[in-house]
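**Q** Before anything else, here's the structure in question.
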Amino acid sequence: MEPNTMASFDDEHRHSSFSAKICRICSDEIRDGDNGQTFVACHVCAFPVCKPCYDYERSTGSKCCPQCKTHYKRHKGSPKIAGDEENNGQDDSDDELNIKNRPDASSIHQNFAYGSENGDYNSKQQWRSNGRAFSSTGSVLGKEFEAERDGATDEEWKERVGKWKARQEKRGLLTKSEQTKDQDSEEEEYLDADARQPLWRKVPISSSKISPYRIVIVLRLVILVFFFRFRILTPARDAYPLWLISVICEIWFALSWILDQFPKWMPINRETYLDRLSMRFERDGEKNKLAPVDVFVSTVDPLKEPPIITANTILSILAVDYPVNKVSCYVSDDGASMLLFDTLSETSEFARRWVPFCKKYNVEPRAPEFYFSEKIDYLKDKVQTTFVKDRRAMKREYEEFKVRINSLVAKAQKKPEEGWVMQDGTPWPGNNTRDHPGMIQVYLGKEGAFDIDGNELPRLVYVSREKRPGYAHHKKAGAMNAMVRVSAVLTNAPFMLNLDCDHYINNSRAIRESMCFLMDPQLGKKLCYVQFPQRFDGIDRNDRYANRNIVFFDINMRGLDGIQGPVYVGTGCVFNRPALYGYEPPVSEKRKKMTCDCWPSWLSCCCGGGSRHKSKSSDSKKKSGIKSLLSKLRKKKKSDTASMSYSRKRSTEAIFDLEDIEEGLEGYDELDKSSLMSQKNFEKRFGMSPVFIASTLMENGGLPEATNTSSLIKEAIHVISCGYEEKTEWGKEIGWIYGSVTEDILTGFKMHCRGWKSVYCMPKRPAFKGSAPINLSDRLHQVLRWALGSVEIFFSRHCPLWYAWGGKLKILERLAYINTIVYPFTSIPLLAYCTIPAVCLLTGKFIIPTINNFASIWFLALFLSIIATAILELRWSGVSINDLWRNEQFWVIGGVSAHLFAVFQGLLKVLFGVDTNFTVTSKGASDEADEFGDLYLFKWTTLLIPPTTLIILNMVGVVAGVSDAINNGYGSWGPLFGKLFFAFWVIVHLYPFLKGLMGRQNRTPTIVVLWSILLASIFSLVWVRIDPFLPKQTGPMLKQCGVDC
């Protein structure tokens, strides 16, 4: 081989071995250096480190390679640091060619595990810090020595490393001074390297479980095509209207199945590493670098949402396992209730004893009502001798606390004529709940009361926004936006946790779980929120009405997590504040595509060159107005040294005043001025509050130094005034989006359309738990509200069917959002389909003509594919068959009742402007004497009429069909079985509803029975009159005229 050929082969081989490598510190892709080839930080061992991590290690880190401990040499273009003089002015790039004589990079890296940008974890062999080489002269550990690491204990590994060092010392490759230095810093290096490991990893579903599942889905789709081909080409001539209705219904069901099924194509699991989070951000002797979190709790009516439940939620937040100075709890009282105000005063006082008790003994859960009611061995894993005594004392104090809360509730039942009066004798400002000023009260915190041990407690803030007649307040979405603004003025934490008043923190480390994603150096910048599943207490063992919603939270949401992220479900969600402000996620840099100058300019324009790129670049300049402005202003105050931070540090920079921003525009040309937001644009977007606008410009959150608390409180009152949002983008592009009672779906949809991603976090211990209505009427009203919100979105400009096409929303994610707003309309074909069996039994007709053996194969194959899909879905998800069956039953119950009414109410609102009132779901605590007494509690509602009518119709049809078969003889039993199967399918699915109607003592409302029997009787008599069961005579009517006729 010729020398030139050999050289080119060497260069090509070297380039390919280092291309597309992943940084072992930040999990980012290692990009090309100035020489056009992959950047190599260390030319001794070629340990994969990207340029930003290399600069960070040289400027503020150990200045050495994490693997071989060789001192980093300066590359061309890197800033000089102390110690570079030892290199005699030579750059490390001068030794670049020497890497040809060293081991191939692929052989060095093949035993390591690494995390990719999206958290994928390749676990050929996990990299450990004490598996490094300790040579400073260029030798590295071989594959044979490295491959044995994971099978050895720490002691065995240290012994092997010691023997290896001895051999290296004999060869003159390791000096004693270096050996001593390595031994002293070995433990510190171990912790340092573990802290740089990924904070989470993606765990894909096993291929043995997911592959058969996908195959069956495709087969089911093929079977559906042939099934509909048969159904359309073989109509039932004697029952053509019934056949046509049934085919239309079946086609709609197939489309609904596609919308629901394919977003579950790529389900994943995720694991978090809380120990690495602590090692990275909570090092001993250093300042805690965990990001602050603002927690939002929303409530409206303290009579439907009992104060003791809200108090338990607040206590669980105050006792969370997180630095107390980084947690602030904001409670929104949208009903301006003095009862809740007094409840928070009592709760803050009780928290001074409850919080230190929880942290001292590490109890779970940290909501006292649910902790003391748990039927478990509370002495398990408890070794402190004082625990039993302290627990009894704490339980007694909690019972006294409950009595005080109950007395407040009893007092609030009857409002005085002159209105409520506070303890200081002044009238309560919220006596008129529809016309009152904004109110803010700060409890606890750094400037408030400490706990009984003298330690600081998290800040607790009561917020009641101003309400005046004539203003649109936008219900819960408006209250959430008010809390966003108040928190930005008072604390401005970069992350926000949203909880309903009945959802307490069941896992005290839940916030840390979310920080593993949000504080990730790469993924965290692209996340809009981390959603946790909802879990519930107080639900009957059989879950009659599918209150747990396990199928949605354990199957659908995990499927969406593999696409662009789960939908926002209204509670148990940790938000990234910039995402709520309407900003787009940071765009990761992409490699420049190869270009060719040999094509004519006119051809490149036709192929999408020139002008197209110019327009995109101009649009990007306009979109990045705030960031470009801040970067230009901050260049004057920051050094040019490139550095990398592994944490979201609390910003200590002074906030730029709006006047400074205007002055900063003077030094730029017209093109730059057009891309920057002026003061008026800021005010039009965020409102007339300089303090709030300044807070939005702080990338890492926090408040400026030397802020005046009293002035901040006044500004907070200003941002919750009822007219603050007028002529701004609040509720349109910023914060919780208005226009639907299900503002959660709409808000998450807007974020995903901008390109943000979300993450589904399912820790082993449920993060949050709440209460759910277990009686039939409340459950149907809850489902009605959800379905009505979906219908409102369907008729709005934000409908996923036509909104933001060509944007950043992935197609499978869009299918999932379409399913969330289309499912209520399934109620119409479902109601018709459930009526068809009774009509067939009463008329003697059927929707399917007589079929041959070949055609019956498609029916059999369809049923088998449905069963196989369900079984394989249960296999990979771990959901029980009982949960799946309850979900199917309530899909029919809710479909023919709540969803149907939601469609008509939505149409009335859109066509005639008839608005419906927002009904708060009752969240009362269950009676200890009868734990599931609410299950049998019955309330009259019109939602009960359609399913009751369907049950009676199908029962009457079964009786009529069997009677007709008995009268007509053996030959009529064959066609009857198909009709009976159809009718029993409806009855079995409505069986939980029938049990709810009967109740424990058959306490069915009379009006329900009367209306249902009346409608069923009229329907049956009409059909009997039109098509009686007696055979018709086609000839003339013959009469017997006498005996001798």
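Heads up, the Cβ atoms here are built off N, Cα and C, so glycines get one too.
So TrEMBL lists these for the protein:
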type	residues	note
DOMAIN	17-88	domain 'Cellulose synthase RING-type zinc finger'
TRANSMEM	211-228	transmembrane segment
TRANSMEM	240-259	transmembrane segment
BINDING	Ser298, Lys304, Glu305, Asp334, Lys475	UDP-alpha-D-glucose binding site
BINDING	Lys476, Asp500	Mn(2+) binding site
TRANSMEM	821-842	transmembrane segment
TRANSMEM	854-872	transmembrane segment
TRANSMEM	892-914	transmembrane segment
TRANSMEM	935-956	transmembrane segment
TRANSMEM	976-994	transmembrane segment
TRANSMEM	1006-1026	transmembrane segment
**Q** Over the domain 'Cellulose synthase RING-type zinc finger' (17-88), what does the predicted model average in pLDDT?
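**A** The answer is 71, the mean pLDDT of the model over that range.
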**Q** What same-chain residues lie close to the transmembrane segment (976-994): Cβ under 8 Å, and 6 or more beyond its ends?
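**A** Distant Cβ neighbours of the transmembrane segment (976-994) are 544-545, 776, 834, 836-838, 840-841, 846, 848, 886, 888-890, 892-893, 947-948, 950-951, 954-955, 957-958, 961-962, 965.
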**Q** State the non-local partners of the transmembrane segment (854-872) in its own chain: residues 6+ outside its ends, Cβ under 8 Å from one of its Cβ atoms.
**A** 209, 212-213, 216-217, 219-220, 223-224, 226-227, 230, 234, 261, 884
**Q** How many Å separate the Cα atoms of Glu305 (UDP-alpha-D-glucose binding site) and Asp500 (Mn(2+) binding site)?
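**A** Checking the Cα atoms of Glu305 (UDP-alpha-D-glucose binding site) and Asp500 (Mn(2+) binding site) gives a distance of 10 Å.
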**Q** Return the count of C-beta atoms lying within 10 angstroms of the C-beta of Glu305 (UDP-alpha-D-glucose binding site), excluding that atom itself.
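**A** Glu305 (UDP-alpha-D-glucose binding site) is surrounded by 24 other Cβ atoms within 10 Å.
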**Q** Give me the long-range Cβ neighbours of Asp334 (UDP-alpha-D-glucose binding site): same chain, 6+ apart, Cβ under 8 Å, in sequence order.
**A** Ser298, Thr299, Val300, Ser464, Arg465, Lys475, Lys476, Ala479
**Q** At a 10 A cut-off on CB-CB distances, which of the binding-site residues Lys304, Lys475, Lys476 has the highest count?
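**A** Answer by Cβ density within 10 Å: Lys476.
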**Q** Restricting to the same chain and to sequence separations of six or more, state which residues have a Cβ under 8 Å from that of Asp500 (Mn(2+) binding site).
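**A** In sequence order, Val297, Ser298, Thr313, Gly570, Thr571, Gly770 meet the Cβ cut-off.
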**Q** Just to be sure I understand the packing, how many Cβ atoms besides its own are within 10 Å of the Cβ of Ser298 (UDP-alpha-D-glucose binding site)?
**A** 23
